[in-house]
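**Student:** Can you read through this structure? Questions will come right after.
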Amino acid sequence: MNIHAIGAIYRFEMARTGRTLLQSVVSPVLSTSLYFIVFGSAIGSHMNAIDGVTYGAFIVPGLIMLALLTQSITNAAFGIYFPRFVGTIYEVLSAPVSFVEITLGYVGAAATKSIVLGLIILATSTLFVPVQVLHPVWMVGFLVLTAVTFSLFGFIIGIWADGFEKLQMIPLLIVTPLTFLGGSFYSIDMLPPFWRSVTLFNPVVYLISGFRWSFFGVSDVNIALSLGMTLAFLVACLVAVWWIFKTGYRLKS
Amino acid sequence: MQPILSVQNVSKTYEGGFVALKNVSLDLSQGEIFALLGPNGAGKTTLISIICGLVNMTEGRIAVAGHDIVADYRAARELIGLVPQELKTDSFETVWATVSFSRGLFGKKRNDAYIEKVLRDLSLWDKKDSKIMTLSGGMKRRVLIAKALSHEPRVLFLDEPTAGVDVELRRDMWRLVSALRAAGVTIILTTHYLEEAEEMADRIGVIRKGELILVEEKTALMRKFGQKRLTIQLTAPLAAVPPALAGHGLELAPGGQALIYAYGTTNGSHAPVSALFHDLDQAGLAYKDLDTEQSTLEDIFVDLMRGE
């Protein structure tokens, strides 16, 4: 294992975050705070409690998940796409590193950034609403698992994309709508039966449900199913990354 | 002695059917400077890219110091440094950060003293905290060389390293190349400045349409393919080459004031020249001056390319 290489890629990516602190951390925290003010305080004060949880607190896990998913994908996608775009990827591809080490460096850094961001948003939320975490170990587990899985997904997008438009396409057109429709701001039990069934095809439902369970002990779907779906997506992403490096897709000719 | 780089029967066909390399074989010894020459699109960069792991070969085998570049890629790549043709740099990074990153990427422990030495050797030390985007093109080229040297490679590829750089920097680079060779580093360079290859290289390889058509010691190449041209300035103009000198293949210069004698340098023999002067005396031709020119590598290269 080329530990120095993993460390070099990881530090390089983390340093990029330091340079773009406003975009990487301040911007998502600000937008999440606005969600709390609008949905949590202004609208939430007129909403009934859901499963015994005030609406303001109920949306906390969903908002963290929303930021976690989009930031994991964006960070990892940009991290690998930018060197491809400017051509500096030649150095990584000619270095004595395996695809596992390259992935660990890039995805590890992207996941770290997302986890830190998620924790900052959690801390920020306590300024607006009282938040309890019933199962802190599971909460951290879901946070890490989701950050890693979606950073892997972003890494795949960053390799697949051949332009900035494509880089933004999946996070904006697929992930954000799925997150909004995945129960970030409501319990899927509040939906009519037909739409509840449709929603169960949305993988984000399982992430948010599991994560919310770790906070309040209530969930839309079974916790084991949530965990299983997240792990299944993780395995699918790992297989895709393995195939990319095996074939050199978009990386080598 | 085991070659530091062994390329055996390497071929590359890109998707779409373009054949970039055809059965290329080449062995390089440690510490030599090898110049790979060829027109644009001949396959130079493809060959370098395959050796460095950037392009997959279709057939063949390559080993660096005995390490197969596919089966034992870690050991092989640790020994290789690459300076690419294009200026591919991280614009927002500092010089120090990007060179340190390269060292780590190639599996080497942090060594600030070594990085400092590399930066000083390349006159980059006073720019170590500058962002790369603020540097001139020549300085960016130095940064790429510093990155390639950061992990102490034993084989260094310089793909058009002096393209678009000023004369001073070019001379600095060749000084560096000499120092690296003295330290036992094998250098493979491609260049369009053939006088550089002529001055620096130990051996020359010429690649044309994906085929390595020639690999020679530079001095042997100059002897084998080079020509000398002797111009004999006559005291009185001639209307035609005298029949007595017809056997020498002389050419009469425009105006008839000089005779031009072109001869090969294959065996270094001067016998033909002495025979010519003997016959000139016999023909009673008087001459007032002599001038000789020898083919440059550029002339040889152009002749080889015309021979397709």
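Positions of Cβ are set from backbone N, Cα and C atoms, glycine also.
Pulled the feature table from TrEMBL, pasting it below:
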| type | residues | note |
| --- | --- | --- |
| DOMAIN | A:19-248 | domain 'ABC transmembrane type-2' |
| TRANSMEM | A:21-43 | transmembrane segment |
| TRANSMEM | A:55-82 | transmembrane segment |
| TRANSMEM | A:115-133 | transmembrane segment |
| TRANSMEM | A:140-161 | transmembrane segment |
| TRANSMEM | A:167-188 | transmembrane segment |
| TRANSMEM | A:200-217 | transmembrane segment |
| TRANSMEM | A:223-245 | transmembrane segment |
**Student:** Taking contact to mean three or more C-beta pairs under 8 angstroms, with sequence separation of 6 or more, is the transmembrane segment (A:55-82) in contact with the transmembrane segment (A:200-217)?
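**Tutor:** Yes, these stretches are in contact.
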**Student:** Can you work out which residues elsewhere in the same chain, 6+ from the ends of the transmembrane segment (A:167-188), have a Cβ less than 8 Å from its Cβ atoms?
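**Tutor:** Non-local partners: 39, 50-51, 58-59, 62-63, 65-66, 69-70, 73-74, 77-78, 81, 150, 154, 157-158, 161, 196, 199-200, 202-205, 207-209, 212, 220.
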**Student:** Are the transmembrane segment (A:200-217) and the transmembrane segment (A:115-133) close, by which I mean at least 3 Cβ pairs under 8 Å that are 6+ residues apart in sequence?
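**Tutor:** Since 3 or more Cβ pairs under 8 Å link them, the transmembrane segment (A:200-217) and the transmembrane segment (A:115-133) do come into contact.
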**Student:** Take a look at A:21-43, A:140-161, A:223-245 and tell me which one has the most Cβ pairs under 8 Å to the transmembrane segment (A:115-133).
**Tutor:** A:21-43
